[in-house]
Amino acid sequence: MSEAEARPTNFIRQIIDEDLASGKHTTVHTRFPPEPNGYLHIGHAKSICLNFGIAQDYQGQCNLRFDDTNPVKEDIEYVDSIKNDVEWLGFHWSGDIRYSSDYFDQLHAYAVELINKGLAYVDELTPEQIREYRGTLTAPGKNSPFRDRSVEENLALFEKMRTGGFEEGKACLRAKIDMASPFIVMRDPVLYRIKFAEHHQTGNKWCIYPMYDFTHCISDALEGITHSLCTLEFQDNRRLYDWVLDNITIPVHPRQYEFSRLNLEYTVMSKRKLNLLVTDKHVEGWDDPRMPTISGLRRRGYTAASIREFCKRIGVTKQDNTIEMASLESCIREDLNENAPRAMAVIDPVKLVIENYPQGESEMVTMPNHPNKLEMGSREVPFSGEIWIDRADFREEANKQYKRLVMGKEVRLRNAYVIKAERVEKDAEGNITTIFCTYDADTLSKDPADGRKVKGVIHWVSAAHALPIEIRLYDRLFSVPNPGAAEDFLSVINPESLVIKQGYGEPSLKAAVAGKAFQFEREGYFCLDSRYATADKLVFNRTVGLRDTWAKAGE
């Protein structure tokens with residue numbers, strides 16, 4: 001498949017193709033403009049992949065611009081996190097990082113231009129009165145008593161705002177458009193408000209800050225953006241986007257196009273709700289592996305490639321829909337099945353003693369790092385007469401469908417010997433503490449010589465060589481597909497979204513590094529935790545299971 005054929009197709013790319021073919025544009029210039037007031041989530045990843053992906057495919061440019069117009073909610077911590085997330089996803093912005101605050105002088109000048117044209121006025125209604133005067137979806141708004149001030153008075157009052165002559169909330173600059181417009185966004189929207197707060201880029205130079213709708217379109221124009229891509233909630237705002245650019249002296253007039261935002265099952269995307277999860281300590285922070293944040297997904301073990309693939313699969317449309325969590329999980333499962341080396345770990349261990357194995361001895365068995373990729377090599381794993389197996393891999397009695405170890409029957413130990421369960425020891429409560437077996441010494445990685453069939457295979461870890469590991473079994477954060485629809489979304493948090501186990505891993509896991517995934521054979525995909533793991537304490541996070549257990553549960 002050629003590069004052109006491999007490109008995704010969607011309505012935005014069709015618009016770009018038409019613009020280039022008609023000569024409307026000779027190049028493509030997009031931007032990703034996050035507000036630095038929180039951590040990016042999987043929904044932002046869709047926008048990142050769209051904007052940067054288009055720039056890559058059309059040999060154009062994509063700017064990273066921070067929409068930093070509200071100093072009260074913003075922080076340099078979020079700036080650094082967002083930069084890191086964009087780079088981790090595999091994208092690079094054009095030129096230097098931009099900030100909307102870079103344009104504060106020009107934005108102020110354009111506001112003055114609107115005042116001079118009689119298209120903006122200083123309003124002294126309270127914020128509550130402004131909301132009251134705005135009207136509703138079914139009732140028109142009404143004009144502010146301050147709407148018809150003269151140009152000279154508005155210029156003087158706007159300067160008074162700029163120099164700190166008003167208290168916060170006592171005055172604002174509004175566009176003079178139409179209070180009877182069927183679109184509420186066009187009912188004299190606020191362009192500037194007063195905030196006495198230090199800005200992370202401009203310090204205390206300003207005490208008036210432009211609103212998003214005023215800033216966004218002008219920043220796009222100043223940067224020469226050709227296609228301004230937003231999610232559907234900004235569809236009505238396009239009217240204000242165009243109104244501002246139509247009424248100021250600026251040579252470039254970008255066009256805004258809207259696409260559906262990403263809604264994902266079993267999670268929430270609302271910044272307010274995510275913040276509540278963090279502040280009320282329902283999760284351990286913004287990078288908690290159960291969170292839909294990019295930092296949380298990364299810590300859980302998701303790869304950048306899997307997130308890019310997910311964004312490619314869901315596509316770009318104008319219809320809002322909710323994507324199944326299984327779709328995201330299948331992307332990382334396919335990625336790691338193809339690329340993750342294998343290792344053995346026992347999550348719920350029970351001791352198994354091979355009574356006829358030479359006491360005190362051990363040997364090395366060779367195991368492939370990947371069953372289908374010889375180029376990934378092999379490793380030597382120690383084997384001895386005392387091993388750990390998973391408790392679920394043994395039953396005293398079982399039906400024919402159970403293909404693991406059963407009392408009096410045989411099973412194969414992965415890449416090692418055939419063993420037979422002979423007896424067990426139990427504690428006072430009746431729990432099995434030790435399984436005693438015998439082994440066939442002539443079955444190391446080969447079938448029994450007499451031709452008997454041994455169907456089951458289980459994994460194991462040599463007890464004498466095992467590494468104690470903590471295993472964090474992460475699952476979906478909520479127990480229902482649409483937690484946002486619940487009366488109290490916190491009431492449907494999945495109580496088993498994190499289960500912590502103490503188990504054992506093979507010695508090769510000592511070399512594990514954060515961000516590098518393994519398939520724990522027969523268990524799932526895991527990675528070393530970047531927060532809790534130390535040289536003396538190995539902590540592994542489950543990224544995803546080997547199969548979709550939620551689909552099975554719902555059948």
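Glycine too: its Cβ is placed from the backbone N, Cα and C atoms.
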(message) Please identify the range among 34-44, 122-132, 133-143 that Swiss-Prot labels motif ''HIGH' region'.
(response) 34-44
(request) Kindly assign Glu35 (ATP binding site) to one of the three DSSP-derived states: helix, strand or coil. (result) coil
(request) Grab the same-chain neighbours of the motif ''KMSKS' region' (268-272) for me: Cβ-Cβ under 8 Å, and only residues 6 or more beyond its ends, written as numbers and ranges. (result) 37-38, 41-43, 261-262, 292, 478, 483-484, 489
(request) Quick one: pull the CA-CA distance for Asp67 (L-glutamine binding site) versus Thr231 (ATP binding site), whole Å only. (result) 16
(message) So, three-state DSSP: helix, strand or coil for Lys46 (ATP binding site)?
(response) helix
(message) Whole-number answer please: how many Å between the C-alpha atoms of His44 (ATP binding site) and Tyr212 (L-glutamine binding site)?
(response) 18
(request) Provide the three-state DSSP residue tally for the region 'Interaction with tRNA' (317-324): helix first, then strand, then coil. (result) 0 helix, 2 strand, 6 coil
